[in-house]
Amino acid sequence: PCAVKMGTLVEPALLLLLWQSLSYCMSLPTVRQPPTIIKQSMKDHIVDPKDTMVIECEAKGNPHPIFSWRRNGKYFNVARDTQVSMRRRSGTLDIYAWNNPEQYEAEYQCIASNAYGSAYSNKIRLRLYRAPVWPREVLEPLVVSAGLPLVLSCDPPPGPPKPETYWMSSSVPTMHPVRPDRRVSMGINGDLYFSNVQFNDSAADYCCNARFPYKNVIQQKMPVVVKVLTIRTVAEAAPTWLSPTGSSSSILVLQGEELLLECIAAGVPTPRIAWTKNGDDLGASPRIKVKNFNKMIQIQKASFDDVGEYTCTATNKIGYIEHTVTVRVKAAPFWLEKPTDLVLAPEENGRLLCQSDGAPRPTVSWFINGEPIEVATPQPNRQVSGDTLTLRAVTAENTAVYQCNVSNEFGYLLANAFVNVLHATPRILGARNELIKVIEGSRPLLDCRYFGSPVPELRWSKYGQGTLEGNRFKTHRNGTLEIKQIRIEDQGTYLCVVSNVAGRDESQVRIEVKEPTLIVTRPQSMKVIRGSDVRFECGVKTDVTTPVTTTWMKDKKHVTLGWRISLDESNLVITNANRGDEGNYTCVIKSEMEQKSASARLMVMGMTNRPDPPTKLELSDPYERSVRLRWVPGESNHNPITEYLVQYDDDDWLPGKWRNLSTYPGNLNSVILHLTPFTYYEFRVIAINEIGMSRPSRPSTRFQSSGAPPDVIPKNVKGVGTWRNNMEISWEPLTYRQWNGPHLKYLVWWKRRDSREEWKNATTKWLKYYIYDADTFTPYDIKVQAVNDFGLGPESPVVTGYSGEDLPSAPRSFRIQQRHLDSIYVDWDLPAEPNGVITGYSLKYQTMNATRGEESRVEELTPNVTSFSVRRFDRYTRYRFSVAAQTRIGTGEWHTEESPHYTTETYAQDQVDITTQGWFIGIMCAVALMVLILLIVCFIKRSRGGKYPVREKKDISMEPVDDKDQEGSFDYREEERGLQRGQSSMEAMMKRSDSDDSLVDYVEGSEIPFNEDGSFIGQYTGTRRDVRELDFGGTLELHSSVNTIYSLA
């Protein structure tokens, strides 16, 4: 309604209804109305001077209002400015700033006026958008040592409006956002913070980017190059604050605005951040979000509950620090109850409320048609009390537009509300004498919109009798009649009557109640074999007076009827069903009042029911070790897909070699794939159900994962000398798949083992590195790690290598011992200076009385053998021994030593001689006894006589004589001939033993001389008789123990 009752204050709810009905009042050309601002620009209005600058101001009223403007509080003569125009029947300004657009940066206010008042817009601050330009500057590379903190400033152009900043890192050939972590953060002010710098931070350039939302323009700052100085060990450091600084700070935020608190600390190891509020832990709250690895607190809309002291603590194993942020919350003015327009009849009372709040509490100012109420023409029936303006027994003079302004130091609010005092006959707005058809059981709404001043009384009746109110009937304050659960008997004509002191008006509505439409036979879902016939039934029951139409939908699209798909009454028939017929079928029954539907699903089974391959593979969220893969599942063909197999091809040289990557549950179509960095990939997906696998999907687009530091340790690290003063360090190369980035190199580390010297290092792209000027065969600790453009990989385990070998020195502690009478035992120790790995020993020995030309014997021994024994022919034989160690380089220095005499009684007593053993004595006695018996027998026979030829030495020839004479006597010449036959062999034997020492040769001579060292002189003086000088004329004397005995016999 557009009027109120006489003599009462207007209730707030009714005022709201008046406001909602105002549009209907405006449809009456004879009803006057003060102006109302219906559209205006924002208080902070940013425009681009290159385009037409538009300041909007639209208003309505009756008569239509005229518009004027103020600029910076003064009247703005639009007509006299050639660069400004005002639109027809509107207050909107178009500013064409061809020259000096800066002159139009000002504060504007629109005024809409007619004969019944003036409405004012907000004060609109016009600001010019300036293209953001970063100053062209040459940024020197930032050099920082590893472990120290670093702050990269952004300082974007200020706007307006304020830009959104973010950081990108660029490395050939890609650019990607800098991902924050516990160590790297982007601050609220847009700066990039490094709690401590690492070597791989220098792998890319850093660019600050700013997005300006007005034009959605992105500007990029000149890139910053960071060079990190590597050191062997990074010193640990206690936490220090990067942002904010100091131990305390404070922040002021307005209610409803976003509150951001941050704490970023430097230190090694990277500190961890924790928060408390007023000494207590932050409770779980959907309003408070802890972000950026606990370094930021975000509250989307601050409230007075957020006031307090927030303490952040940065901790690492070296120490901890604290910072306290005091949060204060203030509030710009906000509405509790905004004044609304009043339409009053003469002598009625009215009230405008302007209730607001804020911190601090705002002040309230009232205006009439833009003029402060204190200086306006006094009216005795108008009273202002704070936030309430009261009008009593209004007259036409009270018609005006009233402004309420509430403000504090943080902002202001301005509201227009008109008071329209008029006298009007009641009128029913909208259509009259309507016919409404409704369904039984529904809840129809019968409209009766009306207007009048004073506010008319409204009454609903059926056939003009009585008043409909209560039970199932309800009259709303806007005149609408609601009937709950309408019945057949409610059918009929309903009358709406409005009246006041000025008159009355009425309208009628006729209602027809119909039976509801019901689907009594609903279509059933089914599975059929391909080629079968399908029939979907859809039986309907409806009101006999209500015509209905039946349509069928497949997957929300109308079914196209033809020779194979047809209708049988309301039933759908499909002949020779195929896979294309699969889908959801919906029977739609529609009447002029309602619509009913029922659905069923058709599945067509084939001979094989493998799933169809997935389609539309899409890659997103790329990182160095992962990417997200999405796809659209193919048809399962009535056998649920149990899993998906993702395959990949990463072979640049032989494409098409697909390998299995992983399997995923069949209910997923978006997965994270774990990849190898810096590798080109193509993916495809295979769907699997209980029948089998689908055909592979089409491959995805080719994708290269981002680079990363190597994560494989070089294997088979070893150090081997190739010359006496160097060492070759070698290792197995990383495969190309293990590079993880471009320009793979190897960082080689070495130092002397068990020394306090610092590690030395060198970088090489080869698989070997040589160390020169090394001491001979010195142990070194060695380790190798791979490095690429993205950083260092893990270090290999420390191994021991040796510099080059040289010839060894002579073996130490050479000893000669006679442990038995017939052998000499020698042993020795390792050389004092091996100069390498001992590979063996060379031992040379020969007798000291060897004849000229006799070669020494050489024994090659393994490195674990350091002893040797020589068997002697007699206890008086001496040997000369020479021993040398061997390395890979060759044979080293020789050590030579002669064996001493072992003939003294003391030594003999110390030795174990088998001649003193009982068993040996017994055997020798038995042998001697047998020899003695034989000699006696021979002597007896010889003494009997016989032929015994006497020859003169060995030059006398022997005639052949029979062994026995004719008398059968024994011929002793046979013995002589036997001795002669053995002479040549004996001579050879004596020559072979020519070098042996024997005292037997001297038993018939004089006293035997000896040297001072006890050695026998005879072998050197020449007194020894040659066997060739022996006389074999009579008897043959063999110088041996047995022959001696024989001669005695």
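A Cβ is built for glycine as well, from the same backbone N, Cα and C atoms used for every other residue.
Taken from TrEMBL, the feature signal peptide applies to 1-27.
For 35-127 (among others), the entry in TrEMBL reads domain 'Ig-like'.
Sequence annotations record features per position, and here TrEMBL assigns domain 'Ig-like' to 135-225 (among others).
Across all of the domain 'Ig-like' (239-328), the predicted model scores a mean pLDDT of 92. Positions annotated as domain 'Ig-like' by TrEMBL: 239-328 (among others).
Feature annotation from TrEMBL assigns domain 'Ig-like' to 333-420 (among others).
What TrEMBL lists as domain 'Ig-like' is 426-512 (among others). Helix, strand and coil counts from DSSP across the domain 'Ig-like' (426-512) read 3 helix, 50 strand, 34 coil.
Residues annotated as domain 'Ig-like' in TrEMBL: 516-599 (among others).
Taken from TrEMBL, the feature domain 'Fibronectin type-III' covers 613-711 (among others). Assigned with DSSP, the residues of the domain 'Fibronectin type-III' (613-711) fall into helix, strand and coil as follows: 0 helix, 44 strand, 55 coil.
Taken from TrEMBL, the feature domain 'Fibronectin type-III' applies to 713-806 (among others). Taken through DSSP, the domain 'Fibronectin type-III' (713-806) splits into 3 helix, 43 strand, 48 coil.
DSSP states for the domain 'Fibronectin type-III' (810-906), grouped as helix (H, G, I), strand (E, B) and coil, give 2 helix, 53 strand, 42 coil. Residues or ranges marked as domain 'Fibronectin type-III' by TrEMBL: 810-906 (among others).
Taken from TrEMBL, the feature transmembrane segment applies to 919-940.
Annotation comment: TrEMBL describes 957-987 as region 'Disordered'.
The feature compositional bias 'Basic and acidic residues' is assigned by TrEMBL to 957-979.
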Closest-packing stretch to the domain 'Ig-like' (135-225), where packing means Cβ pairs under 8 Å, from 35-127, 516-599, 713-806, 810-906: 713-806
Recorded stretch that, among 333-420, 613-711, 713-806, has the most CB pairs under 8 Å to the domain 'Ig-like' (35-127): 333-420
Within the domain 'Ig-like' (516-599), residues counted as helix, strand or coil by DSSP: 3 helix, 43 strand, 38 coil
